[in-house]
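Trainee: TrEMBL lists these features:
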- 1-30: region 'Disordered' (REGION)
- 8-30: compositional bias 'Low complexity' (COMPBIAS)
- 42-60: transmembrane segment (TRANSMEM)
- GLY48, ALA50, VAL51, ASN55, SER322, ASN354, ASP422, SER423: Na(+) binding site (BINDING)
- 72-93: transmembrane segment (TRANSMEM)
- 114-141: transmembrane segment (TRANSMEM)
- CYS153-CYS162: disulfide bond (DISULFID)
- 237-257: transmembrane segment (TRANSMEM)
- 269-299: transmembrane segment (TRANSMEM)
- 319-336: transmembrane segment (TRANSMEM)
- 357-374: transmembrane segment (TRANSMEM)
- 405-428: transmembrane segment (TRANSMEM)
- 448-473: transmembrane segment (TRANSMEM)
- 479-503: transmembrane segment (TRANSMEM)
- 524-546: transmembrane segment (TRANSMEM)
- 558-584: transmembrane segment (TRANSMEM)
Amino acid sequence: MNEKNMVISPDSSGSSSSSSSIGKMKSNNSDAREGWSGQLDFILTCIGYAVGLGNIWRFPYLCYKSGGGAFLIPYTLFLLVCGLPLFFLEVSYGQFSSLSPVAIWKVSPLFKGVGVGMIICSGIVCVYYNVIIAWTLYYLFMSFRTVLPWSHCNNDWNTDRCVDDARLKNASVAAAVNNITRNVTSMDSGAVSLMSVLANGTQMVNGKNNKSITASEEFWERHVLDLSGGIDSPGTIRWQLLICLALAWLCVFFCLFKGVKVLGKVMHFAAPFPYLILLILLIRGCTLPGAAEGIMFYIIPRWEKLSEFSVWGDAALQIFYSVGMAWGGIITMASYNKFSNNVYRDAMMVPLINEGTSLFAGFVIFSVLGFMAHEVDTTVDKIVTQGPGLTFVAYPEAIAKMPVAPLWAVLFFIMLFTIGLDSQFGMFETILSSLMDEFPHLLRRKKVTITAVACFAEFVLGLPCITQGGVYILQIMDWYCASFSLMLISMTECLVLSWAYGVDRLYRDIALMIGYQPHFWWKYMWKFVTPAVILFIWVFSVATLGPVTYGEEYTYPSWAIAFGWILAVLSVVPIPVVAVVQIYRAKGTLWERVKHLCKPHESWGPALPENRKRYIADLGMTELEEVCLAIQQKTTIVTSNGTCDETTVVFLPKS
């Protein structure tokens, strides 16, 4: 602002005003928000954030269960009408404002609770997500052995019901001898069917026909988890998992305590590395006997499945979870971009890479599951599963049957560890950046301390999940935390930005960044189609969400289910609560308060002065007058003629 055009209020002296302005400028420089070192940092971090464990342990199973290749039709459709529009929306206004999920709601202060809900949801998931990474680390450490401990039944934790290859061979010999003896003696007692034993892979031939357990499953339940009888019996903390959980949080701390510039460099390795290992595992898997049958089982379309409503609902849910909308991570990553970055290109690229990764991972998983089915002489559908059962029981069991098994186990769990950590980085940085942006003068220069305190707090919150009954707690958190709250958050976000802020204004903002307006069809997506699809997903999610379960036999007590529902609504409650608080603090009649709070705050806009000047110049006359009126009510600095112009607006500090 030109000093000749400034008029100082009567209660201030020229010298004091000048020194105050200089002091504020210095303070603003020291509190400046960081950004990516290069464009590739953002792309790789977004890919690492979006591609998570769900791409490995959920999508391949859903694809098989929901019609194989036919599942790609509803999956791609929902990607186009829900995944891409929401991703584009979050990347756009995140990059435009350079703000994190809470502070960004200067765009419509009445709905600041949406950002708070995003942070709560990410915070809860960070707690148990790192526990899963701790499991992965423990499996990785146990893989550095000549003989994998889950490949045999000669360990201290194994029981008489344990089944491994050696016992199956002994069982086959015993069955053959028994059959010969019975034939010789012409006894009428039925021979035990060896084929039924081998086909199941988890049953032993014995007189009582008791159900037996694979060595891999006993390693998981009796050693890694040391599973208790239920959530009512938490037991003690597993010290092995305690060490692994501490290591996982140390990894998060050392990659984030210096900010996104270090994170961006880390992602140059962490994002592409899992693809290299997946490729190696795929090549190895395709050379195994039975791999072709497993892959065919995965991709052959079963068109009749498309007539089932659940298939379309599952496809919509998978898009919602895998692309990463409404968690706040996408907004956070985009907020570190340069203002002129081609956000349109990036928004189309990342979700498509995410979908391709899911498909690619399916080939890796099913080639090995096909090999396992071949080994036990059964079909793939008898052994396929999802979730932890796939990554910590079924797949390790299949790896144990390969030649040089420890090598493949190490590669597999390094890949899982890297993929999980990539997503954890995004969620945790979302929490940190939200704190920094809400209290920039207080916290931004204490990044190391805040990161350390936040990591320690999340570590402590995760301790109940590594007790003997911890997996029951983790299952509740995973079952309810993002069950339907994400849909309500994203639907509110989409409706507020497209209706309250306005799609036309959004288009002008995007054009200001990339130099042109995107295709008009995004307007209709944001205003009508995408909210309707999200509503459909929410209804499907609520309708199909039954009480939490673990395994086939355990039933959760009522208090545990109630606790789960508290977690479910915890991230939604801030939306109405914060709105009520904002209305209470505002001035005027109720309608005037609501109307004012739905409009952007006067500090809303690009972060850098040169971009803010372009933004103000691009505003319509009515919008500019509203901004100037709000500024005149809050500051004593005006132009010489007593009016407010775009120069005055541009050089006022963002608050």
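Yeah, the Cβs are placed from backbone N, Cα and C, and that goes for glycine too.
Computed from a predicted structure; not experimentally measured.
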Trainee: Does SER423 (Na(+) binding site) have same-chain partners at least 6 apart in sequence with Cβ under 8 Å from its own Cβ, and which are they?
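Mentor: Set apart from SER423 (Na(+) binding site) by at least 6 residues yet with Cβ under 8 Å, we have GLY48, TYR49, ALA50, VAL51, GLY52, LEU53, TYR129.
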Trainee: Determine which recorded stretch among 42-60, 237-257, 357-374, 479-503, 558-584 has the most C-beta pairs below 8 angstroms with the transmembrane segment (524-546).
Mentor: 479-503
Trainee: What is the Cβ neighbour count of ASP422 (Na(+) binding site) at a 10 Å cut-off, with all protein chains included?
Mentor: 23
Trainee: Which one is it, among the binding-site residues ASN55, SER322, ASN354, ASP422, that lies nearest to CYS162 (disulfide bond) by Cα separation?
Mentor: ASN55
Trainee: Counting only pairs at least 6 apart in sequence, do the transmembrane segment (479-503) and the transmembrane segment (114-141) share 3+ Cβ pairs under 8 Å?
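Mentor: Contact confirmed: at least 3 Cβ pairs fall under 8 Å.
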Trainee: List, in sequence order, the same-chain residues at least six positions removed whose CB sits under 8 Å from that of ASN354 (Na(+) binding site)?
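Mentor: Set apart from ASN354 (Na(+) binding site) by at least 6 residues yet with Cβ under 8 Å, we have ILE47, ALA50, VAL51, ASN55, SER322, VAL323.
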Trainee: What residues in the same chain, six or more past the boundaries of the transmembrane segment (357-374), come closer than 8 Å to it by Cβ-Cβ distance?
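Mentor: Beyond its ends, the transmembrane segment (357-374) has Cβ neighbours at 51, 55-56, 59-60, 63-64, 72, 275, 278, 281-282, 285-286, 288-295, 297-299, 322, 380, 382-384, 390, 394-395, 397-399, 401-402.
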Trainee: Looking at the stretches 42-60, 114-141, 405-428, 448-473, 558-584, which one shares the most CB pairs under 8 Å with the transmembrane segment (319-336)?
Mentor: 42-60
Trainee: Taking residues 6+ outside the transmembrane segment (405-428), which of them lie with a CB under 8 Å of any CB in it?
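Mentor: Cβ under 8 Å, 6 or more out: 45-46, 48-53, 55-56, 122, 125-126, 129-130, 132-133, 136-137, 139-140, 143-148, 151, 248, 251-252, 255-256, 263, 266-267, 270-271, 273-274, 277-278, 280-281, 284, 324, 327-329, 332-333, 391, 395-396, 399, 454-455, 458.
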Trainee: Cβ pairs under 8 Å with the transmembrane segment (448-473): which stretch of 114-141, 237-257, 269-299, 558-584 has the most?
Mentor: 237-257
Trainee: Out of 42-60, 237-257, 558-584, which stretch touches the transmembrane segment (114-141) the most, going by CB pairs under 8 Å?
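Mentor: Of the candidates 42-60, 237-257, 558-584, 237-257 scores highest.
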